[in-house]
Structure formats: C-alpha cells, structure tokens
Amino acid sequence: MASRFFALLLLAIPIQAQSPVWGQCGGIGWSGPTTCVGGATCVSYNPYYSQCIPSTQASSSIASTTLVTSFTTTTATRTSASTPPASSTGAGGATCSALPGSITLRSNAKLNDLFTMFNGDKVTTKDKFSCRQAEMSELIQRYELGTLPGRPSTLTASFSGNTLTINCGEAGKSISFTVTITYPSSGTAPYPAIIGYGGGSLPAPAGVAMINFNNDNIAAQVNTGSRGQGKFYDLYGSSHSAGAMTAWAWGVSRVIDALELVPGARIDTTKIGVTGCSRNGKGAMVAGAFEKRIVLTLPQESGAGGSACWRISDYLKSQGANIQTASEIIGEDPWFSTTFNSYVNQVPVLPFDHHSLAALIAPRGLFVIDNNIDWLGPQSCFGCMTAAHMAWQALGVSDHMGYSQIGAHAHCAFPSNQQSQLTAFVQKFLLGQSTNTAIFQSDFSANQSQWIDWTTPTLS
C-alpha cells in the first residue's frame with residue numbers, strides 16, 4: 001500500500017521543463033525554464049539573458065556581472081528638436097543642403113526610405129546619396145547617439161614597443177590613452193589592421209595586425225550611473241551629448257589619426273577594419289558608420305543598438321518575443337545620448353532606424369555576424385540588415401555588404417562555419433584579393449512588404 005502511495009505521489013509531482021542546449025534559461029522577464037538539460041550549464045550574460053551552453057564550454061564563456069540600476073522613463077509627446085543647423089559634406093566633398101535647426105518629426109511605422117531626403121527630394125545619383133548619408137548621420141547624432149566631435153585642436157602620438165600612445169588637447173584640457181598592436185607572423189609591413197573593441201572576439205586573420213582598443217577607458221559602460229565617465233568626457237565635459245558609442249567612435253578616429261602620424265607603427269592606414277562583440281559590436285557598427293577611413297566593419301552579435309531595427313523589435317515584442325527594445329536598453333548602459341530617452345516610447349517618429357546607421361557604411365565593406373539568440377532579436381537583425389543592404393545594391397556593389405546568422409553556439413563564441421565567410425571579407429577589403437563575398441544568409445525570412453514601402457534605385 002505504501003509503495004503504491006509513493007508511486008502515485010511521484011506521478012503527481014510535475015516534471016519541470018528544462019531548456020535545451022543553446023536555449024534561454026533566465027533573465028529579467030523570462031518565464032520559461034530556468035534549468036538546462038543534462039550536460040548543459042545555465043550561464044548569465046547580463047541581467048536580461050542567460051543561455052544553456054555545453055558544460056565543457058561554460059568555464060570559458062563570456063559572462064557579464066554588470067548590474068543594471070533602476071531607470072524610469074516617461075513618454076514624451078514632443079516631435080521636434082532644435083539644434084544649430086550644420087552644413088554637411090557628402091563623400092568626395094559634395095556640398096549638401098544642411099538640415100534646418102528645428103524640424104518636425106512625423107510618425108512612420110515602416111522603415112525610413114534610404115533614398116528620399118528629409119525634405120522629400122528623391123535620391124537618383126551617387127553624389128546625392130552621399131548627401132543623404134550625411135543627413136542620416138546628423139539625424140542619428142541629433143536624436144539617438146549624440147554629437148560626434150571632430151579631431152581635437154592638438155593631437156600628437158608616439159610609438160614604443162607595441163604600444164601606441166595618443167595625446168589629445170582641447171580648450172586647455174588634455175588626455176592621453178594607449179592601444180597595443182599585435183603583429184601577424186606573415187605578410188609584409190605596413191600591415192592592414194583590425195581595431196578590436198576590448199580586443200575583439202574574432203580569430204586574428206593571417207597577415208593582419210590586431211589593435212587592442214580599450215573602449216571602456218574612453219567611455220565607461222558599467223551601468224547608467226557611469227554616464228559621463230572616461231577619457232572622452234575628461235576632455236569634452238561630463239555633460240557632453242555624446243553617448244558612450246559616439247565617444248568610442250571618436251576614440252577610434254583618434255587611433256587612426258595617430259597611426260597616420262607614426263609610420264613607425266608599420267600599419268597601412270588605408271586598410272583599417274573594426275570589430276567588437278555584443279555591446280562592443282554595437283560600438284563597432286557606430287565607428288564604421290561615422291569613420292570613413294574604416295574600410296571593413298565587422299560587428300558581431302550586436303543586437304539592439306546594433307544590427308536590429310527599433311521598429312521591428314517593438315513589433316516583435318508586441319507579438320510576445322523576448323527581445324530587447326529601445327525603451328528597455330536605455331536603462332542598461334549609457335550607450336546613447338540622453339535625448340534618445342524622449343523617443344524610445346514613440347519610435348515611429350524617429351526619422352531613421354538602424355538600417356540607416358548601417359547604410360552610412362556603404363559602399364565600404366560591412367560583414368554582419370549574428371547569432372539566433374532571442375534576446376539579440378535575430379528576426380529584427382535580419383530584417384533590418386536586409387533593408388540596409390539596399391544601399392549597397394543601389395550603389396552597384398551588393399557584395400560589399402554581407403550578413404551571416406548562425407546559431408547553436410555561445411554568445412560571442414565565433415563558430416568555425418563562419419570562418420570562410422570572414423576570411424573572404426578580410427581578404428577582399430584588407431588584403432586586396434578577389435574573393436566571393438556575396439553572402440546573405442539566415443534561418444529567418446524578412447517580410448519586406450511589412451517594413452519597406454520604397455524601391456531601390458540604380459544610382460548613376
């Protein structure tokens with residue numbers, strides 16, 4: 001009798017579901033399983049996402065211990081902002097009409113047309129598109145990322161051992177920071193180089209130098225309370241409008257300035273790439289967008305604030321997806337200008353999205369490396385970059401931009417089956433070889449009609 005009772009008791013105990021390998025197992029807002037199947041360990045990457053990875057890989061996984069402070073935002077109703085008008089210059093020095101200092105924003109649920117100027121003029125030539133890029137850059141700085149300063153009044157550099165020292169001065173203030181260079185065992189100097197945020201997470205390509213850029217030293221990303229901290233803010237003031245990602249892009253530009261000043265560093269400054277993963281992947285995309293001397297941008301698993309579009313992510317969130325959105329991300333770290341806070345709950349009024357940010361890189365090289373982790377918004381990333389790809393198509397160089405989304409691996413763990421794709425882009429843009437970079441793949445499909453109501457012109 002007793003044995004029968006215990007057998008019935010065991011049957012009555014619910015079996016707790018477990019997440020599969022590579023599945024989510026925790027995070028703020030997660031209501032699914034919090035344990036993993038046998039042979040897998042739940043690893044926390046940030047307070048919002050934990051993933052089941054093979055136990056043999058758990059000890060080497062990148063896990064974040066950053067705590068997120070509480071943050072309250074209110075919905076803003078204003079749809080205009082004022083800033084002094086600035087003249088803009090397109091690629092090749094083309095003179096472009098400046099945006100007015102005050103503009104009226106209009107709600108648009110679809111992704112903004114890459115080929116229509118803010119004043120309604122259609123883009124029909126490559127020169128006109130360069131003006132559109134300058135306009136989008138200004139809009140993104142004005143409403144999301146903050147103003148990017150130019151080269152400071154004074155800049156000097158020195159090189160010793162493998163360390164490049166950059167000294168900057170502005171308005172009586174000065175800062176100094178360093179990067180370290182690891183040279184390849186093959187190839188000939190001056191070497192092409194990849195600037196890696198936090199050192200980067202990609203394997204070092206043959207014949208290419210790797211430059212370790214400590215972006216956290218330029219602008220902190222500890223939590224929202226770290227806004228205004230770092231070398232950039234020591235120079236320009238803690239209340240500068242630039243968010244951390246803009247500050248990092250400024251730092252990357254100063255590294256390239258310094259390399260141009262110091263030929264003894266043995267770096268070919270016409271063959272510079274930039275990379276980073278996760279939060280640093282967001283930063284790498286921003287640097288590639290703003291710094292035209294970068295010929296190859298390699299953002300890895302950048303998610304929200306990187307290769308994902310705000311509009312698409314908001315929609316997917318409304319459909320039940322566990323995905324990071326604009327209204328959530330501003331409470332994680334000071335990556336954006338505080339101006340952005342007023343728009344995160346009214347994303348459709350923004351006169352751009354992140355397909356616009358990526359399109360600033362065209363026609364230069366861009367290879368977007370993504371994962372299929374829910375929190376990164378893989379559907380949003382693929383849809384967003386599909387829209388961005390139209391910029392390269394319009395310019396007649398569609399193979400200068402590639403996209404690869406492969407899952408079943410830990411966050412920022414570069415899988416071997418993307419190696420040949422990465423090599424092709426590096427060889428084409430950094431080593432001057434002829435390779436096939438017509439790469440655009442994902443397990444998802446992009447519903448272009450839902451987000452795109454404009455066509456791709458052939459620019460003359």
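Each Cβ is built from the backbone N, Cα and C atoms, and glycine gets one as well.
The signal peptide annotation in Swiss-Prot covers 1-17 and rests on a curator's inference.
Taking Cβ-Cβ distances under 8 Å and a sequence gap of 6 or more within the same chain, the neighbours of Gln18 (pyrrolidone carboxylic acid) are Pro33, Thr35, Cys36, Val37. Marked as pyrrolidone carboxylic acid by Swiss-Prot on the basis of experimental evidence: Gln18.
The domain 'CBM1' annotation in Swiss-Prot covers 18-53.
If you look up Swiss-Prot, you'll see Cys96-Cys131 (among others) marked as disulfide bond. Residue environment of Cys96 (disulfide bond) contains 19 other Cβ atoms, counted within 10 Å of its Cβ in all protein chains.
With a threshold of 8 Å between CB atoms, the same-chain residues lying at least 6 positions outside the motif 'GXSYXG catalytic site motif' (276-281) that come near it are 45, 62, 196-198, 200-202, 215, 221, 299-303, 305-307, 333, 335, 411-412. Residues or ranges marked as motif 'GXSYXG catalytic site motif' in Swiss-Prot: 276-281.
For Cys412 (disulfide bond), the count of additional Cβ atoms within 10 Å of its Cβ stands at 20 [all protein chains shown]. The secondary structure of Cys412 (disulfide bond), as reduced to three states from DSSP, is coil rather than helix or strand. The disulfide bond annotation in Swiss-Prot covers Cys277-Cys412 (among others).
Annotation comment: Swiss-Prot describes Ser278 as active site, nucleophile. A coil conformation is recorded for Ser278 (active site, nucleophile) in the three-state DSSP classification, outside any helix or strand.
Annotation source Swiss-Prot lists substrate binding site at Lys282, Gln324, Glu332, Trp375, citing similarity to another entry.
According to Swiss-Prot, the feature disulfide bond maps to Cys309-Cys384 (among others). Annotation note: Cys309 (disulfide bond) sits in a coil segment as assigned by DSSP.
What Swiss-Prot lists as active site, proton donor/acceptor is His411.
According to Swiss-Prot, the feature N-linked glycosylation site maps to Asn447. Within 10 Å of the C-beta atom of Asn447 (N-linked glycosylation site) sit 12 other C-beta atoms, taking all shown protein chains into account.
Here substrate is bound by Lys282, Gln324, Glu332, Trp375 per the record. The longest Cα to Cα distance in that group is 14 Å. Classification of Cys96 (disulfide bond) by DSSP places it within a strand. Minimal Cβ crowding within 10 Å, among the disulfide-bonded residues Cys131, Cys277, Cys309, Cys384, is found at Cys131. Among the recorded positions listed (Ser278, Lys282, Glu332, Trp375, His411), Lys282 has its Cα nearest to the Cα of Cys131 (disulfide bond). Using Cα positions, the member of the recorded positions Ser278, Lys282, Glu332, Cys384, Cys412 nearest to Asn447 (N-linked glycosylation site) is identified as Cys384. Checked against Glu332 (substrate binding site) by C-alpha proximity, the recorded positions Cys277, Ser278, Cys384, Cys412 yield Ser278 as the nearest. Note: Lys282 (substrate binding site) has non-local neighbours Met245, Gly276, Pro299, Ser302, Gly303, Ala304, Gly305, Gly306, Trp335, i.e. same-chain residues 6+ apart with C-beta under 8 A of its own C-beta.
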